[in-house]
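Database features, via TrEMBL:
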type     : residues : note
TRANSMEM : 26-48    : transmembrane segment
DOMAIN   : 41-289   : domain 'G-protein coupled receptors family 1 profile'
TRANSMEM : 60-78    : transmembrane segment
TRANSMEM : 98-120   : transmembrane segment
TRANSMEM : 140-162  : transmembrane segment
TRANSMEM : 203-224  : transmembrane segment
TRANSMEM : 236-259  : transmembrane segment
TRANSMEM : 271-291  : transmembrane segment
Amino acid sequence: MATRNRTEVTEFFLLGLSSWAEMQPVVFGIVLAMYLVALMGNALLVIVALSDPKLQTPMYFLLSQLSFIDMFLTTITVPQMLVHTLSVNRIISFNCCMIQLFCFMAVGSMEGHLLAAMAYDRYVAICDPLRYSAIISRGLCLRITLTSWVVVSLNSLLYSVLVTRLTFCGNQVTHFFCDITPLLKLSCTRPVVNEMLIFTEGVAVVVSPFFFILGSYARIAVAIARTHSVAALRKALSTCSSHILVVLLLYGSVIHMYLRPSSSYDLDQDHQVAMFYTVVTPMLNPLIYSLRNQEVKGALRRLFRKRCISRNFQPGSQVNGGRQNIS
C-alpha cells in the first residue's frame, strides 16, 4: 500500500453532488423545491398534531416529534449544500464540520427511536386495546423521547470525538456534507476502532430500534392471525401501513449507507442514497401520513376551514360590511 501524505487539516472542501458547472442551477432548483416542500409539509403536520383537539393522543405527539426531526435533519445539510451549489467557495471549517457530523448523526439516530416508539404504540393499540390508555400516555412518550435524545447524543458525541482524533491525508470530502463515511475515507490509516464501533455500539444504538419494530409487527401479525378476521387485518393495515412505509424508507437508506466497511464504499453512488435519506424521505413522510390517514386529513380540513372562517370574519371586513348596510 502506498504511503499517503499526512496533513494538518483545519478545514474541509466539500465537492458537492455534481462537478458539472452547467448542472448546478438544475440541482439547485430541484433540491430547493424538495427542501421547501419538506419544510412546509412537516411544519403543517406539527401544527395540526399540536393544535387539533382530536389529535391530542400519544400517537400524534410522536408523529409531531417525527416531523420536527425531519425538519431538523434536512436543515442540517440542505441549506449549506444550496449555498455551495452556486458558489466556488465550498469550504467548511474543521469545527463546523464536526458540529454538523454530531447533529446529523444524533438527529438521524433519533428518527429510528421515534419510529420504534410509534411501533410500540401501534402494538399496544392493536394487541391490548382495553389497556391502551393505562399503558400509553403522553408522559410515557415524553420520557421515551427525552431518554432517546440522551442516548443518541452520547452515541454521536463518541463518534465525533473519535473522528477528531483521526489523522487525515487530504481535505477534499467527496460529499455534500460532513458525514462519517467520507471522513473515514480520508483517514491516513484504516480507522479500525471507528469501524468496530459502527458494527458494535452503532448497531446497538441505531439498528436495535429496527429489530424492535420488527418484533412489534411480528407480535401484531400473530395476534391478527389468531383472530382469523379479515376485518381485523384490514384495520391493522390501515393503521400501520403509513408507519411501515416510513420505516422501510428510512432503514433501507441507513443500512445501505453505513453498515459496510469504509473500504467498500462507493461514495459517488452513495450520493444518491444520502440525497434520498436527507431530502426525499423528509419530504415524503408528511405526504404518506396525511394521504393515508383519515384523522390527519380531517384535521387538515378543519384547520383550513378555521383559517378561511377567521379570514372572512376579520374586524376590518365587519366594519366595511356595516358601512355598506348603513348606506
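Cβ atoms here come from the backbone N, Cα and C positions, even for glycine.
Small disclaimer: the values here were computed from a predicted structure and weren't measured.
Outside the transmembrane segment (236-259), and at least 6 residues removed from its termini, the chain residues within Cβ reach (under 8 Å) are 66, 108, 111-112, 115, 118-119, 122, 125-126, 180-181, 198-199, 202-203, 206-207, 210, 213, 217, 220, 224, 270, 273-274, 276-277, 281, 284-285, 288-289, 292-293. Each of 26-48, 60-78, 140-162 was scored by its Cβ pairs under 8 Å to the transmembrane segment (98-120), and the highest score goes to 140-162. Within the same chain, residues 58, 61-62, 65, 98, 101-103, 105-106, 109-110, 113-114, 117, 121, 180, 191, 193-194, 197, 201-202, 205-206 sit at least 6 positions outside the transmembrane segment (140-162) and bring their C-beta atoms closer than 8 Å to a C-beta of that stretch.
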